[in-house]
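TrEMBL has this to say about the protein:
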- B:C75, B:C78, B:H79: heme c 1 binding site (BINDING)
- B:C218, B:C221, B:H222: heme c 2 binding site (BINDING)
- B:194-327: domain 'Cytochrome c' (DOMAIN)
Amino acid sequence: MVIDHAEKTMDTINKNLFLFWLLMSLALLPVAGFIMHPTRRVTIRFRHKIGAREMQLFNETYTNPFGEPITITRFKYYISHLSINEKELSSKTFLINEADSSSKTLVFTTGITSPQTLSFVIGVDSLLNVSGVQTGALDPLNGLFWTWNSGYIFARMEGKSDSSHAPAHSVNWDVGGFRSPYNASRKIQLTIPTDIIKAADPVIVIDADLLKWFNAKHTITIAQSPLCHQPGKLAMQLADNYSTMFTVAQ
Amino acid sequence: MKKVRIISCMLLLLLAALAWVEGYKPPTPLKFIVPRNWPKPKYDFAKNPLTQEGFLLGRKLFYDLRLSVDSTVSCGSCHQQFAAFSTYEHNLSHGVNSSLTTRNAPALQNLAWQSNFMWDGGIPHLDLQPLMPLTAANEMGETLGGVIRKLQQDASYPKLFTAAFGSPLINTQRMTKALSQYMLMLVSSNSKYDRVMRGEDSFALPEQLGYNIFKQKCSTCHKEPFFTDGSYRNTGLPVDNTLNDYGRMNSTGDHKDSLKFKVPSLRNVAVTFPYGHDGRFFSLMNVFDHYRRDMVVAATTDTLLLRRMPLSNYEIGQLTAFLNTLTDTIFLKNSMLAPEGKLESVPFQHLH
């Protein structure tokens, strides 16, 4: 009986030992994964400019390529499918808002060791336009949402200009639309310079030049088109134009 | 292994204790009944499961005047139960500050089977629909931020949101989901017509004759059992030069959609007058006269109506008798759909 008992005890100890090592190795698995694929912190910072100068809301009057003055009061846009080397950093949609400096810096961790291309979409996936009310950055409460012909406003530039004949000399450019033939989402692709790639925790600064809204693929003057409030031709042209506004700062 | 069990038991106990302290009860599921022989609903209930608490919260929101900027207009102001949730006797419904909208508030019924909303179909989801009247300057005139703030600062709403959704968080999504839960329950399926279809009743002779004419002349667009096929059509209503409403074209930007409006359901048609997207027809007779005499046939007019629609006085009489069988008094008087503590009273008794 005594022997039997001892055997049983040994058996239990062995089992426990086995369990101990099993759990230990399980617990260490993520660490092993970490050692094999070091993660890096990537910071992406958006800087909004008028030509070469950083822009300011309200306080300054700028001149567009056609000599028209404009004071900018609001500037914001949605970006989605943010990817490095075509691999998505996040499935989220981000609202970049000039008036909210924290919204302009995004930080990710990624296993990608040699970032070369950065891409994102200005726009909100069509599915998210038709699947009820979203939360967070996409809460319609943030104001970038058309409620009557419903869908997200992808980008907004708003200001005042003496060249505008609209009420209160307004310049209101709300660009959006997810239905063909007026789908205003645009994919942006940028190349990341080598010295940024080499950094341990790369910081990628993306400059957005607002002057491109007026003059890039299309010529859009304040005098002619001070207002854009719905999907359509003008929204498509504005989207074409601003899709060229991004560059990676050296 | 024992330890694991003990720890999970303790955790469960802790959660139960917390729930008890917080007074939290999981919401009670509410069954959505699909009437016999009706198709599957289009609304995705899996994303917004109906519960009694969610429904009651939605009903309170629907009738809460404070959702408008100056606390004068609720959803229920323009969607009155006794008029099948349309605006009784108003061609164009009213908004805050004595403003006037540009359209006739449509009846709200059987919304679970509808996938696009508004006369022009500009809104692709029931949950998105309330955002429009809440924020339109000529309807409730609020901002979404303003509405959410009022609900958050209210004494009772955080408790009601907890009961419905498990935590006191109040955001746009939860508010609109609750409103949808209420609106989805606005099912009209108990008119005399429905009883006849179920074999529980029979038509009087004029009703039966009217039904035969209806199936011949009207039911392509006003398709059973919803009495609409959900399509957008130009039925020859010339544009009003103060409203300049081109309907579906406003939403699609396509000239081919000019002057096309959603085919309205004819359920409860006897109580949803005036008719038409801008309420220009004050009676069924006006509508019949429009189809047989006044229609303006133009480029986008529906191909079924290119020669208008000949209707004799006899046919109009029988059709009217049939259309009156679409009135569902059980729906119009259902106290569950009325504001809390108020029984809905019908201001008229003898429509038939």
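Backbone N, Cα and C atoms are what each Cβ position is placed from, and that goes for glycine too.
Remember, TrEMBL labels are computer predictions, not curated facts.
Sitting within 8 Å of the Cβ centre of B:C75, B:C78, B:H79, and not among those site residues for heme c 1, are the Cβ atoms of B:F62, B:S74, B:G76, B:S77, B:Q80, B:F85, B:T87, B:S93, B:A105, B:L108, B:P133. Distances between the Cα of B:H79 (heme c 1 binding site) and those of the binding-site residues B:C218, B:C221, B:H222 are shortest for B:H222. The two recorded residues B:C75 (heme c 1 binding site) and B:H222 (heme c 2 binding site) have their Cα atoms spaced 26 Å from each other. Per DSSP, the domain 'Cytochrome c' (B:194-327) is made up of 56 helix, 10 strand, 68 coil. Around B:H222 (heme c 2 binding site), the C-beta neighbours below 8 angstroms that are at least 6 residues distant in the chain are B:F214, B:T228, B:D229, B:V263, B:S265, B:L266. Under a cutoff of 8 A between CB atoms, and with a sequence separation of 6+ in the same chain, the neighbours of B:C78 (heme c 1 binding site) are B:S86, B:T87, B:H90, B:S93, B:H94, B:A105, B:P133, B:E139. Long-range Cβ neighbours of B:C221 (heme c 2 binding site) (same chain, at least 6 residues apart, Cβ-Cβ under 8 Å): B:T228, B:D229, B:S231, B:R233, B:V263, B:D302, B:L304.
Highlighted in sequence order, B:F214, B:K217, B:S219, B:T220, B:K223, B:F227, B:T228, B:D229, B:V263, B:L266 have their Cβ within 8 Å of the centre of the Cβ atoms of B:C218, B:C221, B:H222, the residues recorded for heme c 2, and are not part of that set.
Highest local Cβ density among the binding-site residues B:C75, B:H79, B:C218 belongs to B:C75, counted as other Cβ atoms within 10 Å over all protein chains shown.
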